[in-house]
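Structure record follows, encoded as structure tokens.
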Amino acid sequence: MNMKKISIVWLRRNLRIEDNKPFAEALKSSKKIIPIFIFDTTILQSFSNPLDRRLSFLANTIYNLNSELQELEGNLLVLYGNSVEIIPKLIEKLNIQTIYADEEYDPENVIRDQKITNLLEFNGKSKLELVCDHLLLKPGSIVTHKKQYYMKYSPYNTAFKQHLRKNYSCIEGPNYRLDHRLVSLENIDLSSLDLKIINLNHGASEILNQIGYTYQKDNIWQPIKAKNILNNFIQNNITSYRTNSTNQNLLYLNSSSTISPYLRFGLVSIRECFSKAIAADSKALITDEAIGKTEKEKGWIDGLIHREFYASLLFRFPNTVSEEFQDKYRNNIPWEKDLEIYCKFTEGKTGYPMIDASIKQLLRDGWMHNLTRTVVANFFTKYLLLDWRLGEHFFSQYLMDYELASNVGSWQWAASCGTDMEHFVRMFCPFAQGRKFDHEAKYIKKYLPTLENVSAKVIHDVHFSKKYPNYLTPIIDYQLSKDKSSNFFKQIKKLKNQHQTLLGK
């Protein structure tokens, strides 16, 4: 087959056929395309658990995607190995001139893509064409009038919404058809390739077996539900999302969209999320300034913008993946190093019902409401005084929707060392948060059935351990930890002031 008019589309975080910019770009200059996916061994190193449910979700997604492509007379070529080694070999064997892919902005992925670009440029025959697809806007699109990145979310949010009102077309998906534009792998001789090709003919379980992982059946997260979940949320819950944020049974009602895992793997596009949200929510693009400083309701779209904000900052400051965003706090926070307390936290055995229920949900379902993520991270860094990096890593092992930028940004915010960090004294009492958002303790009892017959009033009492001694002994004394934390962060604030004095600020 003459491959000169054929391009490769490397699917990464955009595992869908529709509204896919790399597909659209490839079709502009190619007669036909070959979609590929790579189980990158470098990335798989972070999946230390052979039973990781996210890989089962990914295997299901790949199997379904291949079936969809087969209906269009094509296939998905799935490979296993190091992408930096695979891509040059593949395009040389197939004589491909251009490979298109969704541009990724996490530090390690940027380095990987640059290595591939350099190798292809050295060979002088082909190129890697990157297209922004899993974010609405490329990092650096929203900047101040001085062309600097926004360091705080609120002004970024305002500027982002203003940009959308002026550039509404950015939420429109590309128009293209894949019919008769795909190459069937039956027409390509792949036998000479010195690469490990994954057989997709025997289902998702066999896909994982071939790369050394074990398939886990999951009744919660199913790729085929992606579109329905988004549409149902838009039609039934998006307008009540604002008012539900103050509902006293918020956690049990679970009014979140739960679309984030599907967005993370690209089963739905970010453009579709924005366009449907704006169409359904009349307040979507109203800025905080326009509705007043006292307005506390946040729309679903604000969460999407927060995702863009954190991705933009991590791209600009890649060192913050492991270092505090505020340089004055780098290596200056003497976090506790109590392994026993850390282990009990990760098992959901802290003795604090709100915290334990949240951790149990994470371990069981691979997901947590944004509110409980905040409360848990605050408890971890402010009450336990444990290093935010440990908490970030723990979340990274279980969250179905795990995204590096958002997780790092959120954990640093909770630890008061990231953006918008001037809240050292902000401590969320887990009992008060329970009373406020799980008033009847239905959420807590769902994940802690041993408390089924305990009254909500007792569960939400600061003196819970004394009133119900049959539950786990608290790993910390609430009041003592609160006082200790106050003194701890006062000392950190002194370090900050000393740092500013040295810099002459």
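Quick reminder: no glycine exception, Cβ is built from N, Cα and C everywhere.
Note that this is a predicted model, so its numbers are computed, not measured.
What TrEMBL says about this protein:
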BINDING   TYR241, SER256, SER257, THR258, ILE259, SER260, TRP300  FAD binding site
DOMAIN    5-136  domain 'Photolyase/cryptochrome alpha/beta'
SITE      TRP335  site 'Electron transfer via tryptophanyl radical'
SITE      TRP388  site 'Electron transfer via tryptophanyl radical'
SITE      TRP411  site 'Electron transfer via tryptophanyl radical'
CA pair SER260 (FAD binding site) / TRP411 (site 'Electron transfer via tryptophanyl radical'), Å rounded to integer, equals 18
Whole-number Å value for how far THR258 (FAD binding site) lies from TRP335 (site 'Electron transfer via tryptophanyl radical') (Cα to Cα):
33
In whole Å, how far is TRP411 (site 'Electron transfer via tryptophanyl radical') from SER256 (FAD binding site) when you measure between their Cα atoms?
20
Just give me the nearest neighbour of TRP411 (site 'Electron transfer via tryptophanyl radical') among the recorded positions TYR241, THR258, ILE259, TRP388, Cα to Cα.
TRP388
What is the maximum Cα to Cα distance, in Å and rounded to a whole number, among the residues TYR241, SER256, SER257, THR258, ILE259, SER260, TRP300 annotated as binding FAD?
15
Additional residues surrounding FAD, by Cβ distance to the TYR241, SER256, SER257, THR258, ILE259, SER260, TRP300 centre under 8 Å
PHE233, GLY303
Once the chains shown are all counted, how many other Cβ atoms turn up within 10 Å of the Cβ of THR258 (FAD binding site)?
20
Which of the listed recorded positions (TYR241, TRP300, TRP335, TRP411) has the least company, meaning the fewest other Cβ atoms within 10 Å of its Cβ?
TRP335
DSSP three-state call for SER257 (FAD binding site): helix, strand or coil?
coil
Give the residue counts of the domain 'Photolyase/cryptochrome alpha/beta' (5-136) per reduced DSSP state, in the order helix, strand, coil.
61 helix, 29 strand, 42 coil
Rounded to an integer, what is the Cα-Cα distance in Å between TRP300 (FAD binding site) and TRP388 (site 'Electron transfer via tryptophanyl radical')?
26
